[in-house]
Amino acid sequence: MALFSAYALAFSLLMIPLILYILRIGRRESGLPPGPSTLPLVGNLHQLPHGGLHLQFTAWAKEFGGIFSLKFGPGTVIVATSPRAVRELIDQKSASTSDRPPSHFSNVITGGNNIGFARYSDYWRRGRRVMHSMLTKKACVNHLTIQRAEASQLMYDYLVEPKEFVAHGQRYANSVITSILAGTRSPHHTSPLVTAFFQMQHEWTHLLTPGAHPPVDMVPFLKYIPGSWKQICAKMKVSQEELYGGMIDACAKRVERGIRNGCFLEGELENKDVDRGLLRGMCSALMEGGSDSTSIYLQSFILMLVAHPEVQAKARAEIDSVVGLDRLPDIEDMDNLPYVSAVIKEVLRLRPITALGAPHYSTQPEVVDGYVIPKNSMIFMNQWGMLHDPDSYDQPESFMPERFLTSPFGTKPGADDTGRSKDIYFGGGRRICVGMHFGQNSLAITSMYLIWAFNLTNAIDPQTKNPIPVDINEYDISLNTIPKPFKCDFQVRSEEHKRMVENAFAEARQVFAPFEQD
């Protein structure tokens, strides 16, 4: 009996440190930014909503300040909502905050070959350097011909099949990037490259949305528990290889046949420093960044114009005064279209493409605003909270393009703009969107064309003959900020505008020809 008691005592003494260690898991360490109270083991995981994470982060920012912390099990999450904190953490300390968090899902699906989700490594730096050479502000001038031509087809598609306006925007965004990247375009919204990409992207976005799947990177043992996400990953691995690998193979076969059109992959296939894995990683990053963001913006842009006819009329009057009625607008006109520029910026402010952006990850401990940012912390830029802050914006939930006519940031007089960036919609630091200039050109061209060619109105209910209302607050917001389905009418402004849209599309066929040779 005495021997048993001795063993029990020894066992208890050995277990005490283990129990104390387990109880410390999930607790907020000293020196971290403040945040909501935690529970042992889980930290703040139990407080995460199934949807609307950006709203919860914004509510916590109001309570705990412009930088706060969360505990996801043993892991630390830092959320920066104030521009000052974002600038210091993401821009000024970019040498140690440019990594991406470990992503089991991404690794299983891509084998590590995705520049957008790649760790801060030589692989990422090589891919970023090659993509940057294709997408500098100067290099993007060379892509304008394709962007204009594809935008001409977009207007024609709106003209002849307006009810499919969402699909037309997806076709445009997809075809522009595949033409420049892989030398092949999509002439119709049902073209295989379009349908395959957006179906795959829908599943990919859902899988990566925080809260939509088990946090296997924060709680590793969860990856061994059966779940539907494993079947989704296996399916997506095949789909991504078929899509991106197929694009690379198709380009290589054209080159072998002596057919070239100057696309990006043609040069890189002959670059001995670029292997297939890096090519695939660049294809996925450019496709996912270029196709999704532009098509989502177009949906929000159309919704805002339908809901605010007075804004549409004012923007149209400005375009008419600068462009006239005998030609389509062009990118050079943007310097003389301050109100149109303000409309574009206000769409991006009110409904940023991503509410939280892709998370960063710290590789070294840092100190920001007197708080410790530990090594291996996941870092979110709360773009939604930043762009909807009532201390910075008058009526932040209202669509008011005029705010950008009096401030480059759209902020109200007296607002603290320290650290604020005009390019926050594209991310920050060394991970800022490599296609930013290309994307800005696409948004400008398509926005000008739409306002110039069409009057966007509410659809008419065939039963009541009354306008069908739209609601600018009806959005599905997960990883991306996407309007829920809505109806509208595209009314071409005149027979002359119709003729010019048709002529522009006819002339664009010469531009399309080299990209329709598969």
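From the backbone N, Cα and C atoms, a Cβ is placed for every residue, glycine too.
As the structure is a computational prediction, the values presented were derived from the model and not from experiment.
These come from Swiss-Prot:
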BINDING   CYS433  heme binding site
CARBOHYD  ASN455  N-linked glycosylation site
TRANSMEM  3-23  transmembrane segment
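In the three-state DSSP assignment, the secondary structure recorded for CYS433 (heme binding site) is coil.
For CYS433 (heme binding site) paired with ASN455 (N-linked glycosylation site), the C-alpha to C-alpha distance reads 32 Å. Secondary structure at the residue listed as 'N-linked glycosylation site', taken from DSSP and collapsed to helix, strand or coil, is strand.
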